[in-house]
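Q: The structure's right below; bear with me while I get my questions together.
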Amino acid sequence: MSFDDRRRNVRSLLFFLVALLGTVVLSFAGSFAGAADRDVALGPRYSPTAQDQALPPNPEARPGPRVALTFDDGPSPQLTPYILDVLAAKRVRATFFLQGDNTEARPELVERIHREGHVVANHAWDHAWFPDLTAAEAEEEITRTNEVLQDITGVRPTLFRYPFGQPSPDGDAVLARLGMSNGVHWKWTSNKPGDFQCPGADALVDYVVTEATDQAMILLHDAGDTIGCPPAQLDYLPRAIDELRARGFVFGVVAPSPVPSPLNGGSRAAVVP
Ligand SMILES: [Zn+2]
């Protein structure tokens, strides 16, 4: 074997090793990307329209009556990715009242909610009916959910919304001890059907626009019964946001407030930029 032959052999061996290493690295990277991509939606996704792409970086930087879109019961792989897509495309921040069990099942969706600038709030562990809970159970529902949310976001939730809007004295005592806002309620004065009743996109645009007024907290869902509605119903969200903007509204998020809001069932909370 000549010196040149040997050099060629060494070179092919090196080439082979580099190719092998490359394959190993790529397949590792692939499995990591797979893990990060676990927010693969089981439902529809939303693509920004030309109108969305023409939005200024902060469409809320103007005066106007301020409303909060609030989404309960999530996260769910069927609805949450679409809702986050719409909010990102429309540059709207919202408030998510999340369930502990759904958070534990889909932490990557809660991570996305937090990363995209929305408010992460507590909606109890498994949508319990608080009037039937013991004091210990009420405590567990609230604190365990706070812990799983804080593990993901690094932020301790300050807002709690009772499942079904049903408070209990034991639950209130836990919230007071933790310095959390009393059960955050919502505005619903029109008696129009909500999203969980599957009235369809047209009816939901009407519901959102009718309820909208300065400081209104609008009740919506990204999980629960709403998962069973026809997917076309989701079209209400981009349409309602466009319609409210056309009427001069700006969007805000829910924050604790010492002053109760009669408009939102006495919630000690306000809609803030
Ligand atoms: Zn709920």
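Backbone N, Cα and C atoms are what each Cβ position is placed from, and that goes for glycine too.
Pulled the feature table from TrEMBL, pasting it below:
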type: DOMAIN; residues: 65-252; note: domain 'NodB homology'
type: REGION; residues: 45-68; note: region 'Disordered'
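If you look at the structure here, what lies around each of the features I listed?
A: Computed over the domain 'NodB homology' (65-252), the whole-number mean pLDDT of the model equals 97.
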Q: When DSSP states are grouped into helix, strand and coil, how many residues of the region 'Disordered' (45-68) land in each?
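A: Counts, helix then strand then coil: 4 helix, 3 strand, 17 coil.
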